[in-house]
């Protein structure tokens, strides 16, 4: 829009003022970047999350497979599985700590912080158990309980849509491995008691 200034009757200067730009698009961009919209998290899990999650199952599968095929090694293998299980249980709880820090989908994060720290406390307490069987059973209960919390969080849309699917699969494999190891350990312990009784 031209804007003219006249200093003398015979002269006039005109300047063109650029139209004012609205700040609305910039504000919209800022809001869209700040909002943890669910569209940022597709239904399918990212490739890195899938591959690393599957890789995390290998120690469980290896120790349980070793316990089945080498029963004489089950005391050592059950202890190894318990130590690894404690670290994984703590790690899975920390996911909710990260979501709470990022204020994902909500700013009321008190329950999230509780859910994120409880698994690490359960993992630590499980390592204080008197036998590897009790350690694995305590951790198994911890994994199942955490899965329940994850499913509730998913129902409330507090986690990405793909998260409960991969969690359900991973937890199923972990609990199956732990349950099998406990079964093999108890079966071997019973066999050893019978063998010792016959020797007496």
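Glycine is no exception: its Cβ is also placed from the backbone N, Cα and C atoms.
Fair warning: this is a prediction, and the values are worked out from it, not measured in the lab.
TrEMBL has this to say about the protein:
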- 51-70: transmembrane segment (TRANSMEM)
- 82-101: transmembrane segment (TRANSMEM)
- 113-130: transmembrane segment (TRANSMEM)
- 136-154: transmembrane segment (TRANSMEM)
- 166-184: transmembrane segment (TRANSMEM)
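Highlighted: of the candidate stretches 82-101, 113-130, 136-154, 166-184, 166-184 has the greatest count of Cβ pairs under 8 Å to the transmembrane segment (51-70). For the transmembrane segment (113-130), same-chain residues at least 6 beyond its ends with a Cβ under 8 Å from one of its own Cβ atoms are 82-83, 85-87, 89-90, 92-97, 100, 136, 138-139, 141-142, 145-146, 149, 153. Cβ atoms under 8 Å from those of the transmembrane segment (82-101) belong to residues 56, 59-60, 63, 109, 112-113, 115-120, 122-124, 126-127, 132, 135-136, 139, 142-143, 146, 149, 153, 158-159, 163, 167, 174, 178 of the same chain, restricted to positions at least 6 beyond its ends. Packing against the transmembrane segment (166-184) from elsewhere in the chain are residues 45, 49-50, 53, 56-57, 60-61, 63-64, 67-68, 71, 74, 77-78, 81, 85, 88, 92, 133, 136-137, 139-140, 143-144, 146-147, 150-151: each is 6 or more residues past its ends and has a CB under 8 Å from a CB in it. Residues 78, 81-82, 85-86, 89, 92-93, 96, 112, 115, 118-119, 122-123, 125-126, 129, 161, 163-164, 167-168, 171, 174-175, 178-179, 181-182 of the same chain, all 6+ positions outside the transmembrane segment (136-154), place their C-beta atoms under 8 angstroms from a C-beta of that stretch.
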